[in-house]
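S.K.: Annotations per TrEMBL:
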- A:1-30: region 'Disordered' (REGION)
- A:1-11: compositional bias 'Polar residues' (COMPBIAS)
- A:38-606: domain 'Cytochrome oxidase subunit I profile' (DOMAIN)
- A:55-77: transmembrane segment (TRANSMEM)
- A:104-129: transmembrane segment (TRANSMEM)
- A:150-169: transmembrane segment (TRANSMEM)
- A:200-226: transmembrane segment (TRANSMEM)
- A:238-266: transmembrane segment (TRANSMEM)
- A:308-324: transmembrane segment (TRANSMEM)
- A:336-358: transmembrane segment (TRANSMEM)
- A:364-382: transmembrane segment (TRANSMEM)
- A:403-427: transmembrane segment (TRANSMEM)
- A:439-461: transmembrane segment (TRANSMEM)
- A:473-494: transmembrane segment (TRANSMEM)
- A:522-543: transmembrane segment (TRANSMEM)
Amino acid sequence: MAANLPTQAQVQGGAGVTEPGISHDEHAHHDEHHEQSFLQKYVFSTDHKVIAKQFLITGIIWAIIGGTLSSLFRLQLGWPESTFEWLSPFLGKWIEAGKLNPEFYLALVTMHGTIMVFFVLTAGLSGTFSNFLIPLQIGARDMASGFMNMLSYWFFFASSVVMFVSLFLETGPASAGWTIYPPLSALPQAIPGSGAGQTFWLVSMALFIVSQLLGGVNYITTVINLRTQGMSMSKLPLTIWAFFLTAILGLLSFPVLFSAALLLIFDRSFGTSFFLSDIYIAGQALPNTGGSPILFQHLFWFLGHPEVYIVIMPAMGMVSEILATNARKPIFGYRAMIGSLLGISLLSFIVWAHHMFVTGMNPFLGSVFMFLTLIIAVPSAVKTFNWLATLWRGNIRFTSAMLFSIGFVSLFIAGGLTGIVLGNAALDIQMHNTYFVVAHFHLVMGSSAFFGLFAGVYHWFPKMFGRMLDEKLGYVHFWLTFLGVYLVFLPMHYVGIAGFPRRYYAWTGFDSFSQFADLNKFISAAAIIAFFAQFVFIFNFFYSIFRGRRATENPWNSTTLEWTTPVVPGHGNWPGAIPAVHRWPYDYSKPGAAEDFIPQHIPYSQTQSSNLPYEKEME
Amino acid sequence: MTTLGILLVLVLLLVVFGLLFRLQILTSIFSGSSTREVGVSNRVNAILFIIFLVVGGAAFAWSFADNYDKMNPPIASVHGHATERMFWTTMIILGIVFTLTQVLLFVYSYKYQHKEGRRAFFFPHNNKIEVIWTLIPAIVMAGLVFAGWKEWTRITGPAPKDAVVVEVMGKQFNWLVRYPGRDQKLGVVNYRLIDATNEFGFDLSDQNGIDDFVAPEIHVPKGHPVLLKIRSRDVLHAVYMPHFRVQMYAVPGMPTKFWFTPTMTTDEMRAQTGNPKFTYELACNQICGRGHFAMKLNIVVDEPDDYVAWFAQQKSFSEQNPDVLASFKQKSDKLVEKETTPAAAAVVPATAKASL
């Protein structure tokens, strides 16, 4: 599109009140004449695009670490009889006489979960794309507070450093599972990882929560106040709706995790008994009475459950956007998509106790949470049907991003359906804490969210770095990963139905669980291969930043505002005025239009041939 | 030396891949395919989706059928049969939805792949079909919820009054088992009284506990409701008995419970499974530390007569540990009111006997 900027001078955003007081020209002026120092530009940057890249690259590093940890414990699970002497150069004392230390095994699963859920899929996914896309897609110069945004990243960085350091502690990192249920997480006598490792974990998570809250407040404010002229809430791309609601979920639920962490810190260090009662351990009766370990679970899952939607909703938003763009069709049921996001967001706060059906909580409470949990399947189903309907009679281009989006839908269905089993309290009695659960959430929130992340990177890479990722490598990456994920997690359901408990160092002690040795070997092999396939992406990513094919302004012929910026948008995003918005973001293949897409900033007056009856009056 | 060799091979492989990658880029530039918007690879990917659907679907079906027998731990409780039926009914419904949606996803991907000159169908919404596919899942869910809720209420409802009571206590890293003696009442325990001999923390100043006995494994009678009382004395554990479809956390400071009715004795199960070594097992299913994966307890389901005989042979904790009893006697004068009855007496719990 040649006419990227409207002729009308619509400089100010729609809600001019809170638009940064400094005029945009001043920004541009500043940019041109004062070359920022390296430190200002790439390290302590307040530019949302740089911060997004910081989140992304930190997230990639964490994903490599988290993936490596999982490969290590999959080795143990796949080949429980083997010796791993060859790992001792890396793991040192954690290899004892060729065997992985069982406590270190628990540390591995704990850190894998923590890293993947919080550092990769929360910070790496939502942090990256909320930052990158919110200002660009709503037509803002930057976030409402660039400074807070910078703080958000650096709190995340500090949190990362603390968590990373904890991996090398003498007593090992936190080992009580990523859900850190007390008393195990409160008592170093119970497991060495609950000493310094758990302290580091809690400190790191406190910093992480600060980072999330700073980010969240900023995203919400930006979406509410800084939309460009004409960008009403009902014209927002679904990505922004998803980021917006995700930020609200985070803002309401992370403080509860903070409170849980704080109380746990009190129990650990200051002798309180919030979560501890009647404990005799290591030859000693502890003085604590009256606390409840179950209280911690309520607090934890009050965050923990919205957290899975915090992870998946941004992916849903991006997938909706990418499916529409590459099917060259409007997303089907735009309003229903927003409605289902709203429904999921509301319901996500009142389903947490489905993680706790068999904890001894009142069975009546279990019934209530079963009802609420199964209701949440309805909006999820609506989303799935709408994605399918979006593909129907489309004209699909299989970009790497599109492949990952289709993969996302496939995995979301596969993993989401088994949630209906687990949400049923009567069935959860048998399935709770088995590999069925592991398979379920790795498909529905682990792999799907990763696929959303990959889709997002492939799709927006040209806008981030001004170059294209290599498509062929993208295809190889997709097919290996897609195949790998199914080969790992489908058979895992079988193991789970047979009742294999999760977080077991070995199953060989039980007759009930000792079959499936071959299947476990198979799962481990597939997991390790799928992990190594990710290096195709990592190579592609870093190679293309410097040597990829140069991108054009709008390589996917997309309709949203970010594609109206220069190839590499500078500080302030648009060199001139911010374009005003006239239409919804999904005018693809509109009958009568010259091209198969009409960007949001094109007024109806320029598209008379394609206007629908009710749009005529807006000409 | 071998490590060096492996590293060298890896480096060389990387170089080869790098060169191939450059070569591929250069050829695509020369052939002009790099500038074409939608190339051959679009068709290749569309076909791959269909291959994935067909081959992947077949492989899934085959592996599922192949593993089906191993997947289901044999059922040995009354409610286990009910939940198992519900599980597979739910799985069938899910299987249908799974197949339908995955087929549509991949078939649409193939069928509506890019074609030069074709334009996608502008179809932004249709309220009618949206209402339909909101209502259908809602109705199906309502059915599943209702069935689940009924079963859940039945399972978690109060145990029959005549249920055999067994208490298990989780600790790092094994299970302790306690039975109320013939008085059918479990005595008070107190975690402050725990030591190497008194692992349960018996408070023997409580008369109800005098005839309680501990056992190295759980024995329960077939066909009779069993109320499992569950405790933990250190961290969280979970009682998980896959054959009985029983699971409940063991929580320090908060006793929990679960009742069930075993339907098959250990011997019957050995005959049915053709495995002479078959044993019902209780596993810990909540991460509890180093020995979590080995925290096992065997369960024996006896014929009611055998159970009565076994029960009769047990010696009470107080009888086996006169020192502990004596220390309580010293502590309290009131205790000596009634002399302890020998728990070894071949008297079975009156209630249990009546219904066995």
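Keep in mind that glycine also has a Cβ here, set from the backbone N, Cα and C atoms.
Remember, TrEMBL labels are computer predictions, not curated facts.
Here the structure is a predicted model, which means the values were calculated and not measured.
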S.K.: Which bits of the chain, at least 6 residues beyond where the transmembrane segment (A:238-266) starts or stops, bring a Cβ under 8 A of a Cβ in it?
M.R.: 122, 126, 129-130, 133-134, 137-138, 180, 182, 185-186, 202, 205-206, 209, 212-213, 215-217, 219-220, 223, 272, 274-275, 296, 299-300, 302-304, 306-307, 309-310, 313-314, 316-318, 320-321, 331, 334, 337-338, 341-342, 345, 348-349, 585
S.K.: With contact taken as 3 or more Cβ pairs under 8 angstroms (pairs 6 or more apart in sequence), are the transmembrane segment (A:55-77) and the transmembrane segment (A:150-169) in contact?
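M.R.: Since 3 or more Cβ pairs under 8 Å link them, the transmembrane segment (A:55-77) and the transmembrane segment (A:150-169) do come into contact.
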S.K.: Using a cut-off of under 8 Å between C-beta atoms, tell me which stretch among A:104-129, A:336-358, A:522-543 contacts the transmembrane segment (A:364-382) the most.
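M.R.: Comparing A:104-129, A:336-358, A:522-543: A:336-358 has the most Cβ pairs near the transmembrane segment (A:364-382).
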S.K.: Quick one: average pLDDT across the domain 'Cytochrome oxidase subunit I profile' (A:38-606), no decimals.
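M.R.: Mean pLDDT, the domain 'Cytochrome oxidase subunit I profile' (A:38-606): 94.
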S.K.: For the transmembrane segment (A:522-543), give me same-chain residues lying six or more residues beyond its boundaries with a C-beta closer than 8 angstroms to one of its C-beta atoms, as numbers and ranges.
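M.R.: Those are 60, 63-64, 67-68, 70-71, 74-75, 77-79, 454, 457, 461, 469-470, 473-474, 476-477, 480-481, 483-485, 487-488, 491-492, 495, in sequence order.
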S.K.: Quick check: do the transmembrane segment (A:308-324) and the transmembrane segment (A:439-461) share at least 3 Cβ pairs under 8 Å, counting only pairs 6+ apart in sequence?
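M.R.: Yes, the stretches contact each other.
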S.K.: Let me spell it out: take the transmembrane segment (A:336-358), skip the flanking residues so only those 6+ beyond its ends count, and list any with a Cβ under 8 Å from a Cβ in it.
M.R.: 238, 241-242, 245, 248-249, 252-253, 294, 297-298, 301-302, 304-306, 308-309, 313, 316-317, 320, 365-366, 369-370, 372-373, 375-376, 378-380, 382-383, 386, 422-423, 425, 428-429, 432
S.K.: Sort out the residues at least 6 away from either end of the transmembrane segment (A:104-129), same chain, that have Cβ-Cβ distances under 8 Å to it, and list them.
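M.R.: Contacts with the transmembrane segment (A:104-129): 52-53, 55-56, 58-60, 62-63, 65-66, 69-70, 72-73, 76, 91, 94, 152-153, 156, 160, 163, 167, 172-180, 191, 193, 197, 201, 205, 208, 211-212, 215, 239, 243, 246, 250, 307, 310-311, 314-315, 318, 445-446, 449-450, 452-453, 456, 460, 503, 505.
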S.K.: Which residues of the chain, 6 or more past the ends of the transmembrane segment (A:200-226), have a CB below 8 A from one of its CBs?
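M.R.: Sequence-distant neighbours of the transmembrane segment (A:200-226): 13, 15, 17-19, 114, 118-119, 122-123, 127, 130-131, 134-135, 138, 140-141, 143-145, 148-149, 151-156, 158-160, 162-163, 165-166, 169, 173-174, 180, 236, 240, 243-244, 246-248, 250-251, 254-255, 257-258, 261-262, 264-265, 268.
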